[in-house]
Structures are given as C-alpha cells and as structure tokens.
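Read the structure below first, then the notes.
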Amino acid sequence: MSLVAGVDSSTQSTKVVLVHAETGEIVDSGRASHPEGTECPPEAWWEALQEAGKGLLEQAEAVSVSGQQHGMVALDEHDEVVRDALLWNDTRSAPQAERLTAESGADAWAADTGLVLAASFTVTKLAWLAEHEPENAAKTVSVMLPHDWLTMKLRGATASEATTDRSDASGTGYWSAATGEYVPDRLVQAFGRRLALPRVAAPNEIVGRTPRGAMVAPGTGDNAGAALGLGLGPGDVVVSLGTSGTVFGVSDVPAADPTGLVAGFADATGRYLPLVCTLNAARVLDTLRGLLGVDHAEFDALALAAAPGAGGLTLLPYLDGERTPNRPNATGVLSGLTTGATRADLARAAVEGMLSAQADGLAALAAQGLDAARVLLIGGAAASEAVRRTAPGVFGVDVEVPPAAEYVALGAAKQAAWALSGRDTPPQWNVGEPARYHGSAVAAVSEQYSTLRDETAPWASHR
Ligand SMILES: Nc1ncnc2c1ncn2[C@@H]1O[C@H](COP(=O)(O)OP(=O)(O)O)[C@@H](O)[C@H]1O
Ligand SMILES: O=C(CO)[C@@H](O)[C@H](O)COP(=O)(O)O
C-alpha cells in the first residue's frame, strides 16, 4: 500500500503525518517546535520539517505542505531570503493596511481581491517593507508564502520555478479567488513595482519531485488543509482553535465582504473558503493558565467549576491586538472584577471570552449566507474539555469534536494522495466518529461579551 506524507508548518510547530494513501490511516507522525515571535527565519521551518519528518518523509511516495497563511517570504536575485519572514500575526503593517484601504476603498479591495485589508495580509507587509526597509525592498525580486517556500525547498527548485495554490494565493491581497488571477496592480500599489510570484498550480497537480523521487503536490494554506482533511460538506462550519481562531466553511461561490469580517479565500479543491480569523485563540488560555500557575487539566477543572457568566467576569481576549474586528493595537480587557471573584471565574472568563470571539465569526459567516448546520471544533485548544463543554452555550449550537488528529497535516496528506492517484476528485477518507457536545445558548455570556466589545471600541486602538 502506498504511503504519503502531509505537513502542517503552523505558527508554533511543524507536524508531519505519514498515512496510507488509499485509506488515510495514520501510520506515524512527528512534531518539532518553531521559534517564538511574529517574525521567523524560514530556515527554522526547514529545520523543523527535517526534524518532524525524520524517518517519515523517506517512506512517502508523495508529499504536500500546508502552512500558516499570509507570511511574507521575500527573496533576492540569488533566491536567498532578504529578511526574516513577517508572519500573519505581526501587526506592524497596520498603518499600511489603513493607508492602502483609504487609497482605494474597502469595497474596491473586496471586489478585486476578496479581502478588506488588515495587517495580516501579505500585501500590507510588502508595503511596510517598501516604506521601512528600502534596502531590503531594493534587493527583493520575488515574494512567496511559507508553504510555497517549503515546497520549493522540498523540490530543490528555484524561485522562478516556485508554485503556490489557490487557497494560499487568496490570502495575499494580490490574487483574486473570483477570477483565479493575480491582481498585479494591487502589488504595485503596495510595493511600488512588480515582483516575481509563484505560479498557481491546480489542486491535484504534481509540481515536482524531491531529490529522492517522491512526488510533490502544490500544498495549501493551513485552513484549506484542515477543510480537505475533514472532507467538509455543505452546512459544515469549522472552528479551529490554534494560535489563530478561524471559523470557515466551503462554498461554491466566492465571498467579497466589504465589512472585512469574512475573508474571501479559496479552498484546496477548486471551491471557496469564506473565513473569519482572530489573532487570539489558544494562547489566551495559555496566558491565563500561566497566570493561574496550572496545567491544562487543572485549568479545565477550574473553568468547569465556575458557573456560566464567570460570576460577572468578562475577558475581551485581544491580547495580541486583533484582526477581526480590526483593532491591531488593542489589548485584552478584564471587566467585572469584584472581591468575590475566584480563580475558577478567571479560568471560565478566559474560555468564554475566547469562544465568544469565535461566536462573532459564526455570525459573520451566517451574514454571508453560510449558516452552520453543524460546528466542528479542531486545533490545539479543542483538546480542552472546558472548551468543548462551554462551546455549545456560547455558540448556541451543538458542537462536534472529531477524533484527535492533526487535520491540517492530514489534509496535506490527502492532497498528496490525490495527486498520486491521478484522479479528478480527492480520496474519501473516514475520519471517524466525532464526540458530540450539546447545550443551548446562554444569553448572559453573549450579552456580557458584546457589551464589553462594543464599549471598548472607541479607545481600543491604544496600545
Ligand atoms: N489540552 C489543551 N487545552 C488547551 N489548550 C491546549 C491543549 N493542548 C494544547 N493546547 C494549545 O494549543 C496550541 C497549539 O495548537 P495548534 O493548533 O498546534 O497551534 P498552531 O497551529 O497555531 O501552531 C498551544 O497554544 C497549546 O497550548
Ligand atoms: O491567518 C490565518 C488565516 O487567515 C491563520 O489561520 C494562519 O494561517 C495561522 O494559523 P495557525 O498556525 O494558528 O493554525
């Protein structure tokens, strides 16, 4: 039976899965950490891939890389990186996002690229580079995304041979999911001149081979990887709780939301992936857990010991600034603190605050016509029992948690298996029965949260 490898090069780590191409059964897996911070030398991802993939990549007949989206990898004429990559969660390009939006208007950006600009998107990072590091900008001849760069390295290819895919191209701000074409004028508007860009490969294309001869598939943005790994259908909406919180579903029509809440991404199969992304998710729990001095299990026990509403405590979880809503300079706000507050209330407020931000994402997707018939919870923080049990009350819908797996890496593996098969459609793999969590909406939680969110809006731009 053929083996294929799928890679998730995400914000905090690289995960590799080795699976049977026909069934999707996971044979082995590996993991390696990335450095902290919102910029990163791409070489660190390459080293993490070697470590996480040791003994696995060698066995694969085909391999595919999914990666954190939007990161700017700028290369010079020798294909050397010009500076550390600026990651999706780096907010320094917020002024450039604001300027570019003001120049053309949010409606025009949404119509041309499917996006209303926030600091996350690559095009704003290029504008920052041009403005703040003219020497590095002058050296730059090509730009690509983290998964494009890793795919190029796996093939031993040059930047002129590099490829990307629809899903990741759709997060740049200079490619349109609606037309399937680059929008070079938008890149020139931001950077001042044209740059070489990776070719956008077909979803199941074989873009090259590793030096050992394994086929290389085009790869995907990480959220599209998860959608492929889960085999999303109509009515399925994913809430992914990693470093980012993402809320997304697959659609047959591209989104162009002029409010900027929903990003009009493409998926990894030829369809579309309307998506809402917050900068803050699992790390909100990590931070509060650190302050409380407890491990994951103790944190869950605390959060579950408190009543819904956390005794009136509300956490607005914009700890690292925020992207949705667009408040890049915001900080977290804890409201309702009294002498009666307990450690349990604090843990619960963190869980409720993080989930409430995702509930806003569900509402934004619904406003774009993507109503959730079921919500699938994945990502690192979906392992938390407190998160699982609290989610239905915050979202107002039942929640399913698929069996624990790295769904982004699994999606990449599925793409590799698809390319290897030469078929028109991806393989159908059974991911197993989800755990189901029931509950009805707790009005007090959403009221506390939306009041704090709206009250803080006028002053939330001060950091
Ligand atoms: N049991 C748990 N409860 C809550 N958070 C968890 C648990 N296990 C892992 N995490 C968190 O999940 C995050 C990593 O998730 P992951 O989806 O791999 O992130 P990313 O894709 O952004 O690298 C970390 O912040 C980690 O602390
Ligand atoms: O910016 C986005 C999506 O638009 C993020 O979802 C990144 O793609 C990073 O993902 P994680 O590493 O948090 O999974």
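From the backbone N, Cα and C atoms, a Cβ is placed for every residue, glycine too.
Under the heading domain 'Carbohydrate kinase FGGY N-terminal', TrEMBL lists 4-216.
Residues or ranges marked as site 'Important for activity' by TrEMBL: D8. DSSP assigns D8 (site 'Important for activity') to a strand segment in the three-state reduction. Applying an 8 A CB threshold to same-chain residues 6+ apart, the list for D8 (site 'Important for activity') reads T14, K15, V16, S66, G67, D222, G225, E406, V408, A409, A412.
Among the features that TrEMBL reports, substrate binding site is placed at Q69, H70. In the three-state DSSP reading, Q69 (substrate binding site) counts as coil. Long-range Cβ neighbours of Q69 (substrate binding site) (same chain, at least 6 residues apart, Cβ-Cβ under 8 Å): W88, S120, L145, D168, G171, G221, D222, N223.
According to TrEMBL, the feature active site, proton acceptor maps to D222. D222 (active site, proton acceptor) falls within a helix when secondary structure is assigned with DSSP.
Residues annotated as domain 'Carbohydrate kinase FGGY C-terminal' in TrEMBL: 238-420.
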Cβ-Cβ distance under 8 Å to H70 (substrate binding site), same chain, at least six residues away: L87, W88, S120, F121, T122, K125, L145, G171, T172
Confidence summary (mean pLDDT) of the domain 'Carbohydrate kinase FGGY C-terminal' (238-420): 97
